[in-house]
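Features of the protein shown, as given by TrEMBL:
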{"type": "COMPBIAS", "residues": "640-660", "note": "compositional bias 'Low complexity'"}
{"type": "REGION", "residues": "601-660", "note": "region 'Disordered'"}
{"type": "TRANSMEM", "residues": "20-37", "note": "transmembrane segment"}
{"type": "TRANSMEM", "residues": "79-97", "note": "transmembrane segment"}
{"type": "TRANSMEM", "residues": "103-123", "note": "transmembrane segment"}
{"type": "TRANSMEM", "residues": "144-165", "note": "transmembrane segment"}
{"type": "TRANSMEM", "residues": "171-188", "note": "transmembrane segment"}
{"type": "TRANSMEM", "residues": "240-261", "note": "transmembrane segment"}
{"type": "TRANSMEM", "residues": "298-316", "note": "transmembrane segment"}
{"type": "TRANSMEM", "residues": "322-341", "note": "transmembrane segment"}
{"type": "TRANSMEM", "residues": "348-366", "note": "transmembrane segment"}
{"type": "TRANSMEM", "residues": "378-402", "note": "transmembrane segment"}
{"type": "TRANSMEM", "residues": "423-444", "note": "transmembrane segment"}
{"type": "TRANSMEM", "residues": "450-474", "note": "transmembrane segment"}
Amino acid sequence: MMASPTPLRLTEAATRKLPRWALAVMLLVYALPGLFGRDPWRADDASGFGVMLTMARGTAADWWMPNIFGSAVLGDGPLFYWIGALFIRLFGSIVTADEAARIATLVAAAGGAAALWYGVYLLGRRPDAQPQALAFGGQPEPKAYGRAIADGGLLLVLATLGLLVRAHESSLPIAGFACASFALFGLARSLDRPIAGALSFGAAVGASGLTLGWTAAAIWPFCVLFASLISPPFRRLGPVWHLIAWATAAALLAVWFWPLATMFGDAGRARLDDWLANSQAGFWAGTLRVWAFYPQNAAWFLWPLWPVAAWAAWVWRAHWRLPQFGLPTAGMLAGLLYIGCGRTPGDIPLLVVMPAVAMLAAFGLPMLRRGAANLIDWFALIVFTLFGLALWFTWITTLSGWPSHFALSLARRAPGWQSRFSFAELLVAAAVCYGWVRLVLWRVRAQPEVLWRSAVLSAGGLTVCWSLFMTFLLPYVDYVKTYRHVSAELHAQLPTDACVQAAEVGLPQRASLVYFDELRIGGADCGWLLTHENRNAPVAAPPAASWKEVWTGRRRTDPTERFVLYRRLPGKAATAEGADVATGHDVASAIEDAAALRAPAPAGATDADGKADAQARSEAGGISNTGGKTDTDGKRQPVASARGADAGAAPAHAAAGKRH
């Protein structure tokens, strides 16, 4: 009998597939809670939705030049926003616009998970990945082994903490996960079907560029290089494969580049230059602050992937040149390149590297020792059961007010919020908990030998806790994070069809205020001025000789922020050029310039409110980026304005997002 290249010994029973009905139920319980029945939340969720809504309600210029009601979004590509805007147009009459936009998130998460599953499956069924042939037979079939490995990898991804929230937001990070998964799938597919693999890989690379910027696409040639250096089978990807892959990526990028450069004249070309510059601004300039961020956060963000992946790297160290280990290693090296060269820390690089870590971890599952597998199971059982009980306790406290000190603590964090009892919520929570009990009993009593058993409790436990959290506390969290109440208060202060200048109003706030109550944002000739500040970044008031403060407000749950509304005094009208008569300049731009000089930030950096020096400011009649970018010293540098005949076609307002 020929020696197997692997030390793994498995029986056919160990590779039984996860029942598809059970997997489908788990995926639905994981995905649906948190997608519907809530408002857009501050930061990335509201910003991403704002771009999608602007496209869906706007003109061609809004589709080709992403913006949030006149404020350009320079560093992002339009692909993910296109998908969200399309869903708003398709389903906006059935569900609210923000819920329709989050269907794009569901599609990206599901597509990324499916691509990762198939990538692991293709690697797992290869001859060099198979367990040893047993003396009397009974070893698993290659397809059965690949399917079981892929099931385990998918369960590990569902158990990963860092993916959970991002898989329910209308923001770009989930698109980074999907693009990386498809890229790895394309490389795995290329080993047996080079043409199909090249097309898939090239499409993923192009999608990365059209979503996250050209620097996200630039890491994938390095991934191919690393894979070729590590694993000999990838060296057989010849010139035809490279031609097809890179031509596909270039063609997909040209879908945006060519119309932008030809249809919109100088404005489109200026916008393309700004996109390239802002994509590069956050690259090739890694700092100690950035490098320190990832070790501090990756441990929990990638849990429980990284311990299993580390174990796989150790036990398979003598076989690391095989494709099932070389490909995820190359993907992680490319992801580390993306992390190490970035200037602004965040979730996107971690989600880009996550599929590669999951792919390696999947091949570590069959090599886990019984003691380690039991430890993982008991950890998941204890932690998620206790967390679930804590959620039940919190829900009971919100309804009963007992214990009083805990109820007061919750009330202080959400002043004015009123809890309500829902029998439907109780039934949903009871059904989810019943499923958790059945899963635990199956794992404890049946003692299954299937290789994905070590991941099923972790995935199921996190899914149950997320479902309970979104069932019991979604109204509470929604109350804390929404700008609906601020928007209503502001709307009550404004006359019908009032035009408002926005100074230092972040992208999430801009999107929320327009969505909820159709705030009409304009330029310097508007008779109203709205500013937004927080405790750490105060905003200068406009000249008292020309403007009068008429309202201040904030979210009731955040004492650090403040909106201020000013009305232009009679007789102080703006000139035709948009300059204030009393001061001789654009008041909103002057306020923003003063704020930028007081608090310079690295290029591309954003605060919790979504304000960015690289983001454009709204001008009368056009989408512009006069806010500019910053150099390596944080000093403001001018960038070309993306103005033109069609550049100002962003809608002045959108339909209200009121729920009925």
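Cβ atoms are placed via backbone N, Cα and C, with glycine included.
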Any contact between the transmembrane segment (171-188) and the transmembrane segment (348-366), i.e. 3 or more CB pairs below 8 Å with pairs at least 6 residues apart?
yes
Give me the stretch from 103-123, 144-165, 240-261 with the greatest number of Cβ pairs under 8 Å to the transmembrane segment (348-366).
144-165
Counting Cβ pairs closer than 8 Å, which of 79-97, 378-402, 450-474 has the most of them with the transmembrane segment (144-165)?
450-474
Mind pulling out the one from 79-97, 298-316, 378-402, 423-444, 450-474 with the most Cβ pairs under 8 angstroms to the transmembrane segment (20-37)?
450-474
Looking only at residues six or more beyond either end of the transmembrane segment (298-316), which have a C-beta under 8 A from one in the stretch?
6-7, 156-157, 159-162, 322, 325, 328-329, 347, 350, 354, 357-358, 360-361, 363-365, 367-368, 372, 376, 454, 458
Top stretch among 79-97, 103-123, 378-402, 450-474 for CB pairs under 8 A with the transmembrane segment (322-341)?
103-123
When each of 79-97, 103-123, 378-402 is checked against the transmembrane segment (450-474) for Cβ pairs under 8 Å, which one has the most?
378-402
